[in-house]
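Read the structure below first, then the notes.
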Amino acid sequence: MTAELVTFGETMIRLSPPEGERIETARSLEFRTAGAESNVAVAASRLGCSAAWLSKLPDSPLGRRVTTELRTHGVEPYVRWDDDARQGAYYIEQGRAPRPTNVIYDRADAAVTTARPDELAVDIVEDAAAFYTSGITPALSETLRETTGELLQTATEAGTTTAFDLNYRSKLWSPSDARDACESLFPKVDVLVAAERDIRAVLELDGDAPTLASELAGDFDFETVVVTRGEDGALARHGGTVYEQPVFETDTVDAIGTGDAFVGAFLSRLIAGEPVETALAYGAATAALKRTVHGDLAVVTPDEVERVLRGGDAGIDR
């Protein structure tokens, strides 16, 4: 299979207590899979873009659960199996004001942290239309910093469009470490996606969102810069023009994975040859739909996205 979009990164087991319960007292935990790069692949796949996910997993029921879940959504896993490695996980306790949502990682020494290019199916990157990874991946280990750079270089040399989400996680590394690592990768990146707050915190840039996008495009020669702005929507700078997209109103059930849904939809439209402004709209609509379902994955359909874009309501569909 030649995938149009290939993503690379870690997928974890997500464990969460029932809504309104605390981890320290819950008698049961909901079991799902989650990872920025696989979330992106799922969103793209469900919108008609052939997608593959590249990684390393333990050869265990937990590792196989990950690949089974991805195949359910049409994503083809290309995995290096490791008999002795462990599966990363995270626990999430959903907050309600004034109590914030709390995330606890248990991902140290996960299989993916030792992944090297010579262990991976690099040829699928060379054959893809686009390759995507995020700042989470190089944060996990020094080995992954090197592997991420080598895969981006492989994609660049093959003429594959490269996309990178800054995706800063303060529980994984400091802003200065993130800046040093990510800026070393930027020369190999065509499409940069970043939350406005991450640009300010990690890259230490100032100004409004259009100014940030223009500065990044100028400083690092990105073909496209996408800035996500939470409730203020998103914008993209491409070809010297800035396009803005407001959010779609949504009744939020679970916000985790919203940004990944946006990116997956955005890339799926770029790969399909759609203009940047159309890709932005698809990203925003898919992100809104993702917020209405539990879990990290955007379990959506193209018809649902089109309905949001047309301004359809949320009544009963009979």
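Keep in mind that glycine also has a Cβ here, set from the backbone N, Cα and C atoms.
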Task = Going by Swiss-Prot, G35, A36, E37, S38, N39, Y90, Y105, D106, R107, R169, D296 bind substrate; tell me which of D127, D190, D198, D260 is listed for that site too.
result = D260
Inquiry  = For a quick check of packing: other C-beta atoms within 10 Å of the C-beta of Y105 (substrate binding site), how many?
reply    = 14
Remark   = Simplified DSSP label at E37 (substrate binding site) comes out helix
Task = Using C-alpha atoms only, work out the spacing between G233 (ATP binding site) and D260 (active site, proton acceptor) and round it to an integer in Å.
result = 14
Query = So which of the binding-site residues is most packed in, judged by how many other Cβ atoms lie within 10 Å of its Cβ, out of N39, N167, T258?
reply = N39
Ask   = Hey, does DSSP put R229 (ATP binding site) in a helix, a strand, or just coil?
value = coil
Ask   = Per DSSP, to which secondary structure element type does N167 (ATP binding site) belong, with helix, strand and coil as the options?
value = coil
